[in-house]
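Visitor: The annotation S-adenosyl-L-methionine binding site is assigned in Swiss-Prot to His12, Gly13, Arg40, Leu50, Leu74, Asp75, Gly76, Thr77. Sequence annotations record features per position, and here Swiss-Prot assigns domain 'TsaA-like' to 1-94 based on sequence analysis.
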Amino acid sequence: SFSHIWVQFVFHGVAGAGWQPLVRPPRLGGNRKMGVFATRSPFRPNPLGLSLLKLERIETEGGVRLWCGGADLLDGTPVLDIKPYLPFVEAQPDAAPGFAAVPPVPLEVAWADEISAASLPPPNRLLIEQSIAQDPRPAYQDTPQRVYKMAVDDWEVAFRIEKGMALIEAVMAVEG
């Protein structure tokens, strides 16, 4: 009956990429450097990651399966450990957020007229919209009319940002 869990994992998608003691956090515009331990960068001296996930349900038929929301993991991410989140132990109302004092505002997302969002299965459409709403562009790039591309699950998504709104211009299945 826990509502949230901690998931400790390995940043396997950047394994072997190396690390630097100073990184450029997107929340600072991508131009200012900070010590890697003061950030959530995956490029660390060890590949360990930690995420707090909403535990939506647990299935126990044929093994144990946890259904979670809010994951910032790649498919196939190696999970090392799972622990319950205990608000009375871990929630610190007087904690200082450092350089991330203001939460980011999600972008409004629209689909270009020539694209039929209805042709995508609803879970894929929702995943694409939620991913683009987080504004995945490099923080220092805010060029109107520039088309950005990113992989979301088995799709390549092309989008642009104009006046604080994301417009999805193309979605193509990626052959894998």
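Cβ coordinates are placed from backbone N, Cα and C, and glycine is handled just like the others.
What you see is a predicted model, and the numbers here were worked out from it, not measured in a lab.
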Visitor: Output, ordered by sequence, the same-chain residues six or more apart from Gly13 (S-adenosyl-L-methionine binding site) with a CB under 8 Å from its CB, or 'none'.
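Guide: Within the chain, Gly13 (S-adenosyl-L-methionine binding site) has Cβ neighbours under 8 Å at Pro42, Leu74, Thr77.
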Visitor: If you skip the near sequence neighbours and keep only those at least six away, which residues in the chain come within under 8 angstroms of Asp75 (S-adenosyl-L-methionine binding site), Cβ to Cβ?
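Guide: For Asp75 (S-adenosyl-L-methionine binding site), the qualifying residues are Asp153.
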Visitor: Could you tally the C-beta atoms, other than its own, that fall within 10 angstroms of the C-beta of Thr77 (S-adenosyl-L-methionine binding site)?
Guide: 17
Visitor: Please work out the mean pLDDT for the residues of the domain 'TsaA-like' (1-94).
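Guide: Here the mean pLDDT over the domain 'TsaA-like' (1-94) amounts to 90.
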Visitor: Can you name the residues of this chain that are 6 or more positions from Arg40 (S-adenosyl-L-methionine binding site) yet have a C-beta less than 8 Å from its C-beta?
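Guide: Residues satisfying the criterion: Pro25.
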Visitor: Where the record says His12, Gly13, Arg40, Leu50, Leu74, Asp75, Gly76, Thr77 bind S-adenosyl-L-methionine, what is the longest distance in Å from one Cα to another among those residues?
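Guide: Comparing all Cα pairs, the maximum is 20 Å.
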Visitor: For Gly13 (S-adenosyl-L-methionine binding site), what is the secondary structure by DSSP, using just helix, strand and coil?
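Guide: Gly13 (S-adenosyl-L-methionine binding site) sits in a helix per DSSP.
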Visitor: So, by DSSP, how many helix, strand and coil residues make up the domain 'TsaA-like' (1-94)?
Guide: 13 helix, 34 strand, 47 coil
Visitor: Under 8 Å between C-beta atoms and at least six apart in sequence, can you list the same-chain neighbours of Leu50 (S-adenosyl-L-methionine binding site), or say none if there are none?
Guide: Trp6, Val7, Gln8, Phe9
Visitor: Between the binding-site residues His12, Leu74, whose Cβ has more other Cβ atoms within 10 Å than any of the rest?
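Guide: By the 10 Å Cβ neighbour count, His12 comes out on top.
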